[in-house]
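These come from TrEMBL:
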DOMAIN    51-489  domain 'Major facilitator superfamily (MFS) profile'
TRANSMEM  127-145  transmembrane segment
TRANSMEM  152-173  transmembrane segment
TRANSMEM  214-237  transmembrane segment
TRANSMEM  304-325  transmembrane segment
TRANSMEM  337-358  transmembrane segment
TRANSMEM  370-388  transmembrane segment
TRANSMEM  394-420  transmembrane segment
TRANSMEM  432-454  transmembrane segment
TRANSMEM  466-483  transmembrane segment
Amino acid sequence: MASNEKEVHEPVEIHKLSTQEYREELREAIEAEHSLTFSDALRKYPKAIGWSMYFSLGVIMLSFDPQLLGNLYAMPAFQRDFGYPFEGGYIIKTEWQTALGMGNPIGQVVGALAAGYPMEWYGRKRTFNVCVIAVAGLIFIQFFARSLKVLLAGELLAGLVLGFFVVIAPAYASEVTPLPMRSVATSYVNLCFVTGQLLGNGVTAATKDINNHWAYSIPFSLQWFWILLILPGMYFAPESPWWLARQGRLEDAERSLRRLSSRHVNVRAILVQIVETDRLERQMEAGSTYRDVFRKVNWRRTEIAIGVYTTQVLCGIYLINYGTYFFSLAGLNTEQAYNMGIGFMAVGWISVVFSWWLMQKFGRRPLYNIGLAMLMVIMFLVGILDVVPAKGAVWAQSALLLLWNFTFDWSVGPVAYAIFCEVSATRVRSKTIAVATAVQATVGIIMTVAIPYLIAPDQADLRGKLGFFFGGLSLPCLIWCYYRIPEMKGRTYEELDIMFERKVPTRGFVSYII
């Protein structure tokens, strides 16, 4: 995005610009984008920031659903209605925990890959609207489920549609916000994930003592609240100007840019920059299909997007989804386990907001690598405490996992969204995000199958020893990240296209001059 202080109202007619005028507009756009400060971006693009936050609301529903399910396994009413007697209480069969847990990630794999097509054919806005309406209907299945089979069907179908949101939200945010706000807008998606998890923990903690089906039916029904919050803005939301420009709809792109920015922004310069970036990627033969995502011109960028997103799973985030259940098995009573789960997500929420300042100050690469190294060490400490039990070990493990969650949410969590949005070429951004999401969700399916067996008392009963498992997986991820993740802070999309095309070394991105 670009701006200047004069008010610009002239219609955009790029095809009538002379070569010199075109170059001047492009130069102005690039210079203005680099000189734009964070406070300037807040002042000149408040509507763009607001709409990017609006499109991210769907992610709250996406994260609320699996977090809700993980907490229900520790809920007495849910255990009684869906489980079997075990040691004086009830427990959900491990096979069903696995099956139910797989509903959301399987849906994400299919939904994320499917999202790339309607997003290119019909745009971000229309795809988002259809998904919201579909989710509103599918919630009925979960709400009225009184058997594990019906609940599984509801989880699978809802996950299929919810998988669209994790592609739409970061793609839209990266395309409508200016350069200084890009890391905040894209990592806001992670804040929505944490918000959904926090609400899932809070709602189940509030209803856990109800002795009938409303203990879990009320949490399921609260998903309709987000539908009601999204519905009023569906008609008014502006479409992505990048998508409109790629469709050749420059007048619509102009209108969208004007709706996303203040009157002091030179819309023509921004549109010239969008058109020029698209022209450059066409010249590089970047393409716009799923096949193009894996072509040589894009492969390095695709690898980075997949790597940073999948590392989230490999370093241990799926263990946090079972946090309340983990704490109850570790020896905390139901009240303490739920309170600890809420504390987890509250700390994570604050940490994500803290990451916005850190990314502005230090960039992406150092935050991601340092954070991942700390996560690895913490996981190993959790495992050691389980092998060498001592008085208060349970609370020490809980404190370490709290620290792990805080570290994750200022580093690997939010920074991954900024990286995979920035690293992808604009013509294949939605598809690159979709592929990265599908791979991450596939690894998530493996974890969903494994964790219930590893953690359940009637199976492997590893409990805190899972720290060794995730700490060990984090080590190769850390080595890969050090050698493959470049620093992209302060770079326009056109500059990134040029740098990847010239095969700039990973550690050369910071100082490279175009």
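Here the Cβ of each residue, glycine as well, is placed from N, Cα and C on the backbone.
Those TrEMBL annotations? Automatic predictions, nothing curated.
Just so it is clear, the model here is predicted, and its values are computed rather than measured.
Most Cβ pairs under 8 Å with the transmembrane segment (466-483) belong to 370-388, among the candidate stretches 127-145, 337-358, 370-388, 394-420, 432-454. Long-range contacts of the transmembrane segment (370-388) within its own chain (CB-CB distance under 8 A, at least 6 residues past either end) are made by residues 311, 315-316, 396-397, 400-401, 403-404, 407-408, 410-412, 415, 463-471, 474-475, 477-478, 481. Outside the transmembrane segment (127-145), and at least 6 residues removed from its termini, the chain residues within Cβ reach (under 8 Å) are 55, 58, 61, 115, 118-119, 151, 153-155, 157-158, 161-162, 164-165, 168, 172, 217, 220-221, 223-224, 227, 230-231, 234, 237.
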